[in-house]
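Going by TrEMBL, these are the annotated features:
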COMPBIAS  115-130  compositional bias 'Acidic residues'
DOMAIN    17-78  domain 'Transcription factor CBF/NF-Y/archaeal histone'
REGION    109-130  region 'Disordered'
Amino acid sequence: AEMAAARLSGTEHRLVSLPLSRIRVIMKSSPEVSSINQDALFLTAKATELFVQYLATYSYKHGRGKEKNALTYTDLSHTAEECETFQFLADILPKKILASKYLKMLEKEKRDGEVREDDEDEEEEDEDEV
């Protein structure tokens, strides 16, 4: 097993682009994980790399990437929002909005929340009268 690990670590740079040490740290951050087999580490790294490549390629082909000859964050967030396969990434890749627009949304939500609370108070008062 030690020879396999040594052989793997010698060629890992050619087989996987992602740093195995970082992936090991992420995997160990899970409380259910006590030890990590070298093969499992390598396969997780390779699967992650292939997934990122697929996400990037899909986003490029289905976004405005072809027009601009570039992959943008907007392309990625659009993919997360529109493609069922990637919808689990919607929270990680939210649509970008201007800070001013976001603050207006927060203010509106706050006002709407206050209006709802006032409506509830009126309903409670009506119930007391009956």
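Glycine too: its Cβ is placed from the backbone N, Cα and C atoms.
Automatic prediction, not curation, is the source of TrEMBL annotations.
Taking H, G and I as helix, E and B as strand and the rest as coil, DSSP gives the domain 'Transcription factor CBF/NF-Y/archaeal histone' (17-78) the counts 44 helix, 0 strand, 18 coil.
Per-residue pLDDT, averaged across the domain 'Transcription factor CBF/NF-Y/archaeal histone' (17-78), gives 89.
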